[in-house]
Amino acid sequence: MTPIPHCPPAGGAAVTGAGAPPLGGARSGPFPPPSPPAASRIHLPRLPPPPSLSSSSSPASSSSPSPAASALHPSDEALSAMSPREQTSLLSRQRCWRRARDLFGRMRALPGYAPNPVHDAVLLRHLARARRWDELRRAWLGMALPPSNTAYAAVADALAKVGLARGALLLLRHMRARGVAPDEVSMNTFVRVLKDQGRYADALALFRNWCDGRFEVDFLDLDDIAIDSDGPMQFLLADICDDKFAAASAGVPAIDEGPRKPKLVATYNTLIDLYGKAGKLKDALDMFLDMPTHGVMPDTYTFNTLISVFGLSGNMAQAEALFANMVVRGINPDTKTYNVMMTVFASIGDLDGVLKYYRQIGKAGLDVDAVSNRIVLQALCKRKMVREAEDMIEGILNSGGSVHEQSLPVVMKMYVDLGLLEEANIFFEGHCRGKWVSSKNFAAIMDAFAVRGLWEEAEHIFFSRRGGGDVNDIVEYNVMVKAYGQAKQYDRVSSLLESIEESAVSPDECTYNSLIQMFSVGGFPQRAKKLLGKMKDAGFQPKCETYSAVIKSYSRHCLVPEAIGLFNEMKSSGVEPNIVVYGLLIDMFAETGNIKKALHYSNLLEESGISPNQVVLTSLIKAYSKYNCWKEAQDLYSRMRNMVGGPDIIASNAMLNLYAKLGMVTEAKEIFDSLRRNSHADDVSYTTMVYLYKGMGLLSESTKIACELHKSGLLSDCVSYNAVMACHVAKGNLRDCAELVQEMIVANIPPDASTFGMIFSLMQNGHVSAAEVLQLESAYNDSKSSAKQAIIAFLFSIAGMHTAALEICEQLLRPEWTIDACAYNVCFKVYASCGKVEKAFSLFMRMNDLGLKPDTVACIHLATCYGKPRVSKGLRTNALLEYRTDELMPSHNALAVYIEAGKHNVAVQLVKK
């Protein structure tokens, strides 16, 4: 039996709307039983070849129409011989609106043709789906019968499917004005439109009113929907605005037909899906259980919808129980049922569950379809199972199919996320380039590169040739803006904007918002402000978040007048600032120390009815801290303690810093102890307390906190490391300081000026000659290229960390490095201390060859090598060293070298000479 054309197949829309994938696609042949999966790989069944065209069946094949009915161009005699139902079926099967219109005209011209509201509805649906508004107007006005439920439902369903749901809902006003009460089919259509728009409460209200026998539309606020003078529905609704018609319809009484219950399974399917989307699972189940009471038996679509409702809400056990219940009731699952089960398991990342039901399709004697393949492929890609995904793609291609368009971005994202850019390019060339791919999916492919800053790859996709023309949609331009912004390629945005202006594409609201965000974050507030003006000129009203981005950029660059000017412009445009905007201004004045202005905007915030949050109060505490107003800051901090969640760590650290500046140890300790008890203390908290105790002369307490900080794992920057080192320096713990510096190097945290200052302080108190310290300080102050490495190597050496010192020396002596005399001296010291005497002599010779004259410090290091057990040919080496010393140094300097090195016998020989 052929269904009424304007009524969708029972439950079909409900399943799709319930979150399951589109349940359709090309079918394949019989599904062979799969081989059991191996332990190391997932073996997917190979898809059979596509069925031949002769095996396909038309939607109306079950009604067994006559030969005349199946012809696309029957003669007038054949049309006359058809029943109205056969004529409806033929009219529904037309794929071109012109053929449908012409066929309808021939049918109406037949002798004895009786006007049929179903025929009118089918034609209206064809025209609405094709967006032929002039033809739709003529057909509507030319109907022999007044508009009926069938016509309203057909047009509403078609409009909703082409993205004009608001226009579809306006038909309810027309029905109410005409006094046409909705029947169950039209009521179901409008409930489904509201459901798909996310207006669940309105959809339920419309259904309950219908059940009560009432037809009211005032609660839908349809008057707020503007009617364009040239819009597609203007001709249908013009009479509603006509004064005579409005006056006549004003007295139409409320339509009351008495209580009733739905009798169509399609209605129950829609409502079950509606309850599920609204989160009313119990009502959905009650609706299902109530069906037999009213003589309506669930069908496959009912179970598909209910399984989707419970499965996608996390009730996996209930979904599987419903699947089993189908078999008990004698309702055979179809491929769509298995697809729904696969979708449910895919939603929780259960690949085994997906594959389990995928394999059962063939065992049940059903065919996998494009949706089945898409679900499995996407599940494999999300798990980054490259080899299995590629096997799946190969199977799809071998069966004569192609990778589903919606799967293309998923596969590309898998490759990009794994860094397999070559594989991604090969896949794109084979499955995307030159083929028709929607702009939405092209943009999704580009986005996989954009989020990782791979702007060149995203740009390659953007300019790629595609089927259906090479015109880029605005959504693709928006992704390119994102890609350039992520990679900080701001200059390239200018040419992109020129490309938009030259094309037939107009920037949308997202384009302007993305550009403004990009330039604001990138530090170009003036360019962002200019774009804000262009956005308004284009007819878009910037939202508060857009203004906030530019104000934040102004405040970050301390452009106070510009930020205030934009704030005033925002208010004059009718956009009310939110707490973020006020917080930015308050923080800006807090950073500049302008307490008066910070308090002014804090008062404006409260006058607007917004309560200050922790961020705002923290900014005010910072403002008071600039002037050491501890009492006012303390009052704000106490206020924060009464808020939900209490003070955050930033506010607590701000108070700690204020107390530390004022030397208020007791108050600071109270906050710090509270942070430690709640495990909220961070490296800033510990660092502040370390310096506070140290500054107050409480070295024991300072060292204790520093040890806690070191063990806490919170050391994350140079400041916190320096705080711990300061305690070690105060106690003269050379080895501990050296180990701390080594930790910094391993953590890739370069020591700063404070770190080196403490290292020099340690050296001066650690029995290191003043000449050596002076030489190292001089190299550091002169910013010698190798000074920092040499100082650290020297520190490691005197601390006994010879291996670490040797590693640095090996790096310094690489051919690509050019080091000065200071670095050579350090290497002499390190090699001599480690017993690497031969390397020390070798360095001495290299230095001499380079024309670098060894100073007193260098000779001291070399002199310590005398008597070392590893010196080969000692007498000759000794004589060489004496010769070099006599040649390169005055006798009195050489004498000082040998005495300081402890080589008194050599010094005596030098005196005699």
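Easy rule for this one: first residue shown is 1, then count along the chain.
Heads up, the Cβ atoms here are built off N, Cα and C, so glycines get one too.
Feature annotation from TrEMBL assigns compositional bias 'Low complexity' to 9-29 (among others).
The compositional bias 'Low complexity' annotation in TrEMBL covers 53-73 (among others).
According to TrEMBL, the region 'Disordered' annotation covers 1-75.
For the repeat 'PPR' (148-182), the number of residues in each DSSP class (helix H, G, I; strand E, B; coil) is 27 helix, 0 strand, 8 coil. According to TrEMBL, the repeat 'PPR' annotation covers 148-182 (among others).
Annotation comment: TrEMBL describes 264-298 (among others) as repeat 'PPR'. Model confidence over the repeat 'PPR' (264-298) is summarised by a mean pLDDT of 90.
Annotation comment: TrEMBL describes 299-333 (among others) as repeat 'PPR'. DSSP states for the repeat 'PPR' (299-333), grouped as helix (H, G, I), strand (E, B) and coil, give 25 helix, 0 strand, 10 coil.
Per TrEMBL, the feature repeat 'PPR' maps to 334-368 (among others). Under DSSP, residues within the repeat 'PPR' (334-368) fall into helix, strand and coil as 26 helix, 0 strand, 9 coil.
Away from its own ends, the repeat 'PPR' (473-507) comes close to residues 439-440, 442-443, 446-447, 449-455, 458-459, 462, 514-515, 517-519, 521-522, 524, 538 of its chain (Cβ-Cβ under 8 Å, at least six residues beyond either end). Residues annotated as repeat 'PPR' in TrEMBL: 473-507 (among others).
Each residue in the repeat 'PPR' (508-542) gets a DSSP state, and the totals come to 26 helix, 0 strand, 9 coil. Taken from TrEMBL, the feature repeat 'PPR' covers 508-542 (among others).
The repeat 'PPR' annotation in TrEMBL covers 543-577 (among others).
Listed by sequence, the residues of this chain that lie at least six past the ends of the repeat 'PPR' (578-612) yet keep a Cβ under 8 A from its Cβ atoms are 544-545, 547-548, 551-552, 554-555, 558, 560, 563-564, 567, 570, 619-620, 622-624, 626-627, 629. Annotation comment: TrEMBL describes 578-612 (among others) as repeat 'PPR'.
Summarising the annotation, TrEMBL assigns repeat 'PPR' to 613-647 (among others).
Taking Cβ pairs closer than 8 Å, the repeat 'PPR' (648-682) reaches residues 614, 617-618, 621-622, 624-625, 628, 630, 633-634, 637, 640, 688-689, 691-693, 695-696, 698, 714 in its own chain, all 6 or more past its ends. Sequence annotations record features per position, and here TrEMBL assigns repeat 'PPR' to 648-682 (among others).
The feature repeat 'PPR' is assigned by TrEMBL to 717-751 (among others). Mapped onto DSSP helix, strand and coil, the repeat 'PPR' (717-751) counts 26 helix, 0 strand, 9 coil.
If you look up TrEMBL, you'll see 820-854 (among others) marked as repeat 'PPR'.
Residues of the repeat 'PPR' (473-507) grouped by DSSP class, helix first, strand second and coil last, total 25 helix, 0 strand, 10 coil. Taken through DSSP, the repeat 'PPR' (820-854) splits into 26 helix, 0 strand, 9 coil.
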